[in-house]
Structures are given as C-alpha cells and as structure tokens.
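Participant: Here's the feature list from TrEMBL:
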| type | residues | note |
| --- | --- | --- |
| TRANSMEM | 12-32 | transmembrane segment |
| DOMAIN | 19-266 | domain 'Sugar phosphate transporter' |
| TRANSMEM | 44-62 | transmembrane segment |
| TRANSMEM | 135-155 | transmembrane segment |
| TRANSMEM | 161-178 | transmembrane segment |
| TRANSMEM | 190-209 | transmembrane segment |
| TRANSMEM | 229-252 | transmembrane segment |
Amino acid sequence: MEEPDAARPPSRLARLLSALFYGTCSFLIVLVNKALLTTYGFPSPIVLGIGQMATTIMILYVSKLNKIIHFPDFDKKIPGKLFPLPLLYVGNHISGLSSTSKLSLPMFTVLRKFTIPLTLLLEAVILGKQYSLNIIFSVLAIVLGAFIAAGSDLAFNLEGYIFVFLNDIFTAANGVYTKQKMDPKELGKYGVLFYNACFMIIPTVIISVSTGDFQQATEFSHWKNVLFIIQFLLSCLLGFLLMYATVLCSYYNSALTTAVVGAIKHGRWFKILLFNTEQPIKT
C-alpha cells in the first residue's frame, strides 16, 4: 500500500470514511477497555497500552516484510523527524489516566471539549492553517454546549482540572504534530505509526515496572480465564486499529476534524450507557 500522491487532494468519500472509521474504533475500544478495567477489574491500563503498542509494532513490521506497506528503514535521522510525538503520546496517556479518576464524568466531558479549540489554535500556529468564522463559532458553540450540559455538576477539584487540561494540551498537540509528520516524502503515515510505537513502548515499560504496575498485572487472577484473554487480545488489536484510524483520519482530514470526531465518544449519552450497564465480575 503506497502513500497516495501528496499533491492530489483526498476525495470527500475518503475523508468521510476515515472519520467514520476513527469514530467506530474509538467507540469499540472504549467498550472493550471498560469491560477489562471495570468488569474484570484488570489493575493496569498501562500494561494494556503496552500490549496495544506491541501489537502495532508487530503488525506493521510483518506487513513491511511482506511488502504490503512501505515506510523508511530506521536511521539516525528518524528520532529527529518524529520528535516530539512519542513524548506527547506518553504525556497524553498518563495525564488521561490520572484525570479520569479525579473528576466526575459530566465535568470530565466538559473539560475534554477544550481539546477542540486548542487543536484549532495549534493548527493555526504550527501548521499555519486558517479557518472561517463559521467553523470558529461552531467550535465555541461545542464548548458552550458542554458547559450547559454539565452545569449541575461543577464540583471543584484542582488536581483533576490540572490533569485534564494537560491531557487536552497533549491530545491537541499530538494531533497537530501527527498531521505535520505524515509527509509521504518523509516518514509517511505508516512510518509515523511504527516508529512512534517503537519509541513510546520503551518509556512506558520503564514506568510500568518502576511503579509496580507491571507486577500487579502479572499477578492478576483472570489470566486463566479464556474470555478475559480473548478480550485482552481484542483490546490490543483495537488499539492498533485506533492508532491507525487516528492517523488515517488526520491524514485525509484536519487535526481539528479528528478532535471533533474523538469528542463524540465522550458524549453524555454514551457514558450513561456504559456506567449504568457495567457490573464487576467477582473473583
């Protein structure tokens, strides 16, 4: 699968399908991860993330060996071309995990919407992209609507606010820099995916081992449960698909479009559905 000609604008169908693919993957991985982390009580979201990164590396490397896809071989210029994506992803992952446990769901939903205006701002600053007033007002309306929806739950938690705003910044910056790094003449979308996962997995493993998180995961009681293992592997596969879908959506659309589609999965109706139906499995 070669990179399409960079000079040829993507079709409207390609932009639409890539956005739908990203939204679908986002929806499915939340369902599977909630089952693993809440219903089964798996203690380590970080180890789950490591499994998703390892799956991404294996699938892309095997695909490259079989000439299904193409991306450049590693050389000493790769880290410079990729920087700062691995740092942004790790920061996004850690701040996201920290913020979800410290805020109510309605307030978390409100503050995560700030990813959208931040993405718009960073696209203007970093990519030099300009948006019409209609789009700017639409983005402001999304944020205002989120505040109104959660107006009855404005509990103050300074630590939670700090973590979720950091998460917004990391998410927006990651989306914009991903768009910037996907030049087919450089790394291309597959190169960005592969080398980003390679560089991310090392510090994530170190964090997991040093914090005792990895040991908790290895001592988990459900490793002999076939259904749990199937869902764990499914999460790893969906993690790869989500990373690919994120890059694909940003490749065919803008980082702002990806941010808006990603915000859909934080919708209030979806959280009510998840948290009213989950029941923990007793060990």
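Note that Cβ sites are derived from N, Cα and C of the backbone, with glycine treated the same way.
Fair warning: this is a prediction, and the values are worked out from it, not measured in the lab.
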Participant: With CB pairs under 8 Å as the measure, which of the listed stretches 161-178, 190-209, 229-252 comes out on top against the transmembrane segment (12-32)?
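Facilitator: Most contacts with the transmembrane segment (12-32): 229-252.
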Participant: Which residues, given as numbers and ranges, are at least 6 beyond the ends of the transmembrane segment (229-252) yet have a Cβ under 8 Å from it?
Facilitator: 10, 14-15, 18-19, 21-22, 24-26, 28-29, 32-33, 35-36, 40, 42, 48-49, 51-56, 59, 175, 178-179, 182, 189, 192-193, 197, 223, 258, 261-262
Participant: If you average pLDDT over the domain 'Sugar phosphate transporter' (19-266), what do you get?
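Facilitator: Reported value for the domain 'Sugar phosphate transporter' (19-266) is a mean pLDDT of 85.
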